[in-house]
Amino acid sequence: MQLGVIGLGRMGRIVVDRVLDAGHDVVAFDLSEEAVAAAADAGAEPADSVADLADRLGDDKRIWLMVPAGDAVDATLDDLDPHLDENDVVVDGGNSHFEKSVRRAEACSAAYLDCGTSGGPAGAELGFSLMIGGPQWAYDEMTPVFDAVATGPDGHDRMGESGSGHYVKMVHNGVEYVLMQAYGEGFELLAEGRYDLDLESVSRTWNNGAVIRSWLLELCEEAFREEGTDLGDVDDHIAGGSTGTWTVQEALEQEVPVPLIYQSLAERFGSRADDRFSRRLANRLRYGFGRHEVARKDE
Ligand SMILES: NC(=O)C1=CN([C@@H]2O[C@H](COP(=O)(O)OP(=O)(O)OC[C@H]3O[C@@H](n4cnc5c(N)ncnc54)[C@H](O)[C@@H]3O)[C@@H](O)[C@H]2O)C=CC1
Ligand SMILES: O=C(CO)[C@H](O)[C@H](O)COP(=O)(O)O
């Protein structure tokens with residue numbers, strides 16, 4: 001099979017390498033010439049534009065987008081669409097919002113698969129977990145590519161109609177926030193609590209047979225090993241948050257209670273403000289109702 005890959009960053013490059021390793025051909029394009037040259041060094045055929053990539057693919061095009069979610073996906077689809085017909089398949093493997101994926105699928109001249117991708121850079125060796133939405137025939141057609149990019153046949157499946165792949169990935173990320181928060185709270189208590197503990201040792205011990213072992217816990221072990229048991233100079237600021245926000249918005253719309261996901265998201269937002277207005281007001285209100293002393297900034 002011949003696959004066009006657009007977007008050759010952390011994730012797209014893994015798609016290229018795994019598809020090449022499985023014996024398929026790859027045509028690769030990125031706005032970054034360095035990224036295209038590196039993919040060519042790995043065995044991909046370089047393209048210098050979206051149109052050039054489409055020309056090199058011939059009929060029955062199979063194309064994987066791995067560009068940042070949002071405008072980059074729309075811009076790429078605008079450039080691609082004049083070259084597409086109903087026999088072609090486009091996969092969006094990024095973290096797009098599921099509703100945008102439904103709209104893009106309706107507008108696209110090709111069959112459109114929304115593909116939630118999980119596994120991060122570790123997927124280079126292990127393969128990814130792929131959650132795919134869209135037409136069954138297009139999923140079947142892309143199966144050799146999904147087998148190569150995922151951990152294997154069990155690492156991908158069609159979740160359902162258009163949008164369902166990115167919907168499942170959105171909820172996956174909400175769960176990811178909660179697990180991170182849960183490990184964070186447990187280790188915070190261990191770090192601040194009454195014993196002088198080596199947290200790398202704790203996480204290694206938990207990772208070997210404990211009920212709460214997991215890949216995220218292995219990443220905790222790696223973090224304590226590389227940064228130290230006090231996490232050294234790692235800041236308490238957590239970036240990101242788009243996929244968790246979407247999960248909470250959808251839960252509100254469906255009237256499904258997700259207090260843990262919301263709380264984990266709020267913790268992220270809270271981490272970005274070191275001078276919280278709500279805390280300052282609560283501090284002042286305690287004076288109002290109880291004449292409790294107000295802590296002042298210069299004290
Ligand atoms: N990094 C991660 O662990 C994961 C990322 N994702 C999703 O995968 C997608 C890609 O993420 P990364 O590879 O981490 O991003 P990245 O920033 O490492 O790579 C994106 C690449 O796309 C290229 N690009 C941007 N706009 C382009 C355009 N219009 N045409 C062609 N190339 C363009 C950039 O030059 C860059 O090489 C995102 O939607 C992200 O949310 C999903 C799961 C995990
Ligand atoms: O999808 C992912 C992991 O599963 C990506 O790492 C994504 O970039 C996380 O983004 P955010 O933390 O902003 O939701």
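Cβ atoms are placed via backbone N, Cα and C, with glycine included.
Now, the feature entries from TrEMBL:
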- Gly7, Leu8, Gly9, Arg10, Met11, Gly12, Val67, Pro68, Ala69, Asn95: NAD(+) binding site (BINDING)
- Asn95, Ser118, Gly119, Gly120, His172, Asn173, Tyr177, Arg268: substrate binding site (BINDING)
- 165-299: domain '6-phosphogluconate dehydrogenase C-terminal' (DOMAIN)
- Glu176: active site, proton donor (ACT_SITE)
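Positions of the features from TrEMBL, shown on the structure.
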residue : record                    : Cβ neighbours (10 Å)
Gly9    : NAD(+) binding site       : 14
Met11   : NAD(+) binding site       : 21
Val67   : NAD(+) binding site       : 24
Ala69   : NAD(+) binding site       : 17
Asn95   : substrate binding site    : 19
Ser118  : substrate binding site    : 17
Gly119  : substrate binding site    : 20
His172  : substrate binding site    : 16
Asn173  : substrate binding site    : 20
Glu176  : active site, proton donor : 17
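Figure note: comparing Cβ neighbours within 10 Å for the binding-site residues Gly7, Gly120, the maximum is reached by Gly7. In the vicinity of ligand 2, defined as a Cβ distance under 6 Å, the following of the binding-site residues Val67, Asn95, Ser118, Asn173 are placed: Asn95, Ser118, Asn173. Annotated pair Gly119 (substrate binding site) and Val67 (NAD(+) binding site), C-alpha to C-alpha distance, rounded: 16 Å.
Taking Gly9, Met11, Ala69, Gly120, His172, Asn173 as the candidate binding-site residues, the subset whose CB lies under 6 angstroms from any atom of ligand 1 consists of Gly9, Met11, Ala69, Gly120. Across the domain '6-phosphogluconate dehydrogenase C-terminal' (165-299), mean pLDDT in this model comes to 96. Distances between the Cα of Glu176 (active site, proton donor) and those of the binding-site residues Gly7, Gly9, Met11, Val67, Arg268 are shortest for Arg268. For Met11 (NAD(+) binding site), the nearest neighbour among the listed binding-site residues (Gly120, His172, Tyr177), judged by C-alpha distance, is Gly120.
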